[in-house]
Amino acid sequence: MQTKASVDTVSGTKVTVVGVGQVGISIAFSIMTQGIASEMTLVDVMEDKLKGELMDLQHGLTFLDNMKITAGSDYALSAGSKLCIVTAGAQMREGESRLDLDQRNTNILKDIIPKLVQYSPDTILLIVSDPVDLLTYVAWKLSGLPKERVIGSGTNVDSSRFRFLLSERFDVAPTSIHGWIIGEHGDSSVPVWSGVDVAGVRLRDLNPAAGTSEDTENWNSIHRQVIQSAYEIIRLKGYPSWAMALSVSVLTRAILNNTRNVYAVSTFVEGIHGVQYPVFLSVPCVLGENGITDVIQQTLTEDERTQFQKSASTLNEVQSNLVF
Ligand code: 6V0
């Protein structure tokens, strides 16, 4: 009888998660329970935490499809990863400016990205650490990978929050509502009100002012709730994790299984919607085994285009002050 299980070989669906904090470990758990990957490696700088999380996850494998899980601070463990997910990041210190934090997170990526690419030169990078659009640009620059292989988790979770809140108002399932949040993952995100529809019936056909300042039905309060919800979750429970983990696991599934589903993720947008800067922002993208294969250019209203371009210009300004 052969005792070596086939899970010991790299099958092409190996994932590495860097950073096993609240977000990273929730992503790892979500990927594991959904049976998306054949092998998963966890990397962090905290050895004890890694060891504890590894044991805890491994002890649950009896209840799931088998997979190989490894963990350690040595990036050699990540070798042969089809996808590397980066969730390592520093939190803001008291009195620290946004730019200082951006620079600290850039320095963390300077430590991580070259090692990931050294051991998995053909990998796809999925950046989750915030500020995600900025750090996806930094990861792209540091990695030397083609831009379609460097992706930011972007507004996929914002779009999910948007669709959930719309679903409550329409009283239909979130999966039956199409609605997109594009642009920056954060305060300047852009809700595409012109594209909200249920079964092809557009909200704007029912209420042409929906989402505008003239709207008496106040649909835009939903976008304000989307922006606020991240802060609200942090205030209430300390950190957002579950929706984020599910959001990243569907992106992982799309890449590993080459599903060609369309998700709002952060990608290089120079030349898209009139953007003139080399920045990463979210737009609906087709995801598959080579990363982003196509960008869906929505027909935006003039106002939506202007908001999108404004995010790009702000981001470009911050980007040009970073040292790396
Ligand atoms: P956390 O719980 O502080 O975990 C961060 C982890 O990163 C810790 O385990 C650290 O040890 C590890 N780490 C730090 N430096 C390194 C390094 N050089 N190499 C390896 N590991 C390192 O944070 P949490 O998990 O809550 O959040 C992680 C990041 O995700 C932060 O930047 C958040 O702001 C960001 N989020 C992004 C979201 C998004 O929608 N894009 C959503 C939620 C959080």
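Note: Cβ is positioned from N, Cα and C throughout, glycine not excepted.
Quick look at what TrEMBL lists:
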| type | residues | note |
| --- | --- | --- |
| DOMAIN | 13-152 | domain 'Lactate/malate dehydrogenase N-terminal' |
| BINDING | Gly19, Val20, Gly21, Gln22, Val23, Gly24, Asp44, Asn105 | NAD(+) binding site |
| DOMAIN | 155-317 | domain 'Lactate/malate dehydrogenase C-terminal' |
| ACT_SITE | His185 | active site, proton acceptor |
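Within the set Gly19, Val20, Gly21, Gln22, Val23, Gly24, Asp44, Asn105 that the record links to NAD(+), no two Cα atoms are more than 17 Å apart, and one pair reaches that distance. It is Asn105 that, of the binding-site residues Gln22, Asn105, has its Cβ surrounded by the most other Cβ atoms within 10 Å. Sequence-distant contacts (6 or more apart, same chain, Cβ under 8 Å) of Gly19 (NAD(+) binding site) comprise Val43, Asp44, Val86, Thr87, Ala88, Gly89, Ser129.
For Gly21 (NAD(+) binding site), the same-chain residues that are 6 or more apart in sequence and have a Cβ closer than 8 Å to its Cβ are Asp44, Thr87, Ala88, Gly89. In the three-state DSSP classification, His185 (active site, proton acceptor) falls within coil. Sorting each residue of the domain 'Lactate/malate dehydrogenase N-terminal' (13-152) by its DSSP state yields 68 helix, 26 strand, 46 coil.
Other C-beta atoms found within 10 angstroms of the C-beta of Gly24 (NAD(+) binding site) number 26, with every protein chain shown included. The most crowded of the recorded positions listed here (Val20, Val23, Asp44, His185) is His185, judged by how many other CB atoms sit within 10 Å of its own CB. Averaged across the domain 'Lactate/malate dehydrogenase C-terminal' (155-317), the predicted model reaches a pLDDT of 96. Each residue contributes its Cα atom, and for Gln22 (NAD(+) binding site) and His185 (active site, proton acceptor) these two points are 19 Å apart. With respect to their backbone Cα atoms, Asn105 (NAD(+) binding site) and His185 (active site, proton acceptor) stand 16 Å from each other. When the Cα of the residue listed as 'active site, proton acceptor' is compared against those of the binding-site residues Val20, Val23, Gly24, the shortest separation belongs to Val23.
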